[in-house]
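Let me begin by presenting the structure, written as structure tokens, before commenting on it.
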């Protein structure tokens, strides 16, 4: 059985960006508009510096007041151009970033919904939430910010070089010696930044998972006085994240001054060259020297930004790799083509053995039994004996590698997954409700399929109508996250109503009445007894009183069937079932 682990591949920046590009490509018009605006923004900046030469040589040097007045309007025009192009570039890039993040999140969300249950067993919810929220946003903020810097500062440097070369090509040659050194430096630190950024994102996932664990288990924490334990756990994880963050800052802080020092050497070289006879005799005016020197000073900022953008861009690429690691995982297998509308409900297990991923011990060992259509089989045994595993295999939450499970004589592997699960309704011990109305929770994923009358009928059959009618908006009451405003018994009744409404031929009740009081349990049991006439029912129960009328009872122990028969026959055997029964009713 293939293990579904999150494991990032160490692709190069170029390989990662190539995978990201198909998500960006549909919005390339925004990128082009932003790029053009950034280029004009850079030209306006470099143009302002170039104007220093005529201002100094012609305007102030020759006291040409008419020229100075004209130049004043030119300067204002260039500043307006800078403002307009800055707005266009920022807006267009924000639009593209938002679209890319939305596309990535939608792909992730859809992919996660089709992952097998085993994937979620092995990966914490907190880390997955961090991937969808933090990492996807990191792609937008890092990549868009990096793109702005690369295009604007790159265009600015090129335009400054053009201005310098046009003004004095001799002095400009100094930069062609310094440039390759800076390029080599940036290449070296890029791999370091990507590795450090990956570690930082992993720490963010651990932090989210730790926080989520405390929030979800808050009642347990305060009940057992575990605040100190959780605080220590959180402090350790948050300090680990802080340390990894400081490594990023250290690498960033070291690379920045190194580039600045190398660039400053170019300024020193220009000052010395300006005094040499070759340059001095070449009619180098004050305006020309000022333009070259100012251009070199102005180039310090974009060089610094381009150095910093590398770390920013690597954070985005590292986030991409973590997200692509999820998208590369194989979704739940759905190779079947058979459809039954509806199935009759005859179930059969043939020599089924099963072990959970990462565990050598078998959860089920050579299990064989059959349930004729319309009959009820009950599974009893101690916790961890394998009862719930049997229920999970019927719906293919997990796939077996040994044996067969048949529905109406057809291997469930041959069914289309959606069709198989349409024919099975599950009510488990742990009820999950959505932050929606009661009606929408009962008719979940099929609100348009059922009428309000059918929803009310299902609620009535589940003995939920009484408490629903007492709520402020009745069936239109929003119940909060996971039904937080309801009691455990009320939540369980809604889950039963959901299963009743679905009207599937196979009904799986995994401790379905465990959260109900005795009176409610009797009422629910009466409703379930009526359902057994037309459905195949698998009942998993600790309370043996709820399964006395089952057509067959299987006693499961350590993944094997120890005893089988109806209630009366098993009591007469005086075996494991009799012991369980005596333990429950001895008091």
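Using the three backbone atoms N, Cα and C, a Cβ is placed for every residue, glycine included.
Lifted from Swiss-Prot, the feature list:
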BINDING   381, 382, 383, 384, 385, 386, 387, 388  ATP binding site
DOMAIN    32-315  domain 'ABC transmembrane type-1'
DOMAIN    347-583  domain 'ABC transporter'
TRANSMEM  31-51  transmembrane segment
TRANSMEM  68-88  transmembrane segment
TRANSMEM  145-165  transmembrane segment
TRANSMEM  169-189  transmembrane segment
TRANSMEM  259-279  transmembrane segment
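Within the same chain, residues 24, 71, 74-75, 78-79, 81-82, 85-86, 88-90, 92-93, 96, 147-148, 151-156, 158-160, 162-163, 167, 291, 294-295, 298 sit at least 6 positions outside the transmembrane segment (31-51) and bring their C-beta atoms closer than 8 Å to a C-beta of that stretch. When the binding-site residues 383, 385, 388 are compared by the number of other CB atoms within 10 angstroms of each CB, 383 has the fewest. Each residue in 389, 556, 557 lies on the same chain as 381, 382, 383, 384, 385, 386, 387, 388 and has a C-beta within 8 Å of the C-beta centroid of that ATP site, without being one of the site residues. The Cβ of residue 384 (ATP binding site) has no same-chain neighbour under 8 Å that is 6 or more residues away in sequence.
Long-range Cβ contacts of residue 381 (ATP binding site) within its own chain (separation 6+, distance under 8 Å): 387, 555, 556, 557, 562, 580. Cβ neighbours of residue 386 (ATP binding site) (same chain, under 8 Å, six or more residues apart in sequence): 363, 364, 367, 556, 558, 559, 560. The secondary structure of residue 388 (ATP binding site), as reduced to three states from DSSP, is helical.
Look at residue 383 (ATP binding site): DSSP puts it in coil. Model confidence over the domain 'ABC transporter' (347-583) is summarised by a mean pLDDT of 88. Ranked by how many other Cβ atoms sit within 10 Å of their Cβ, the binding-site residues 382, 387 place 382 at the bottom.
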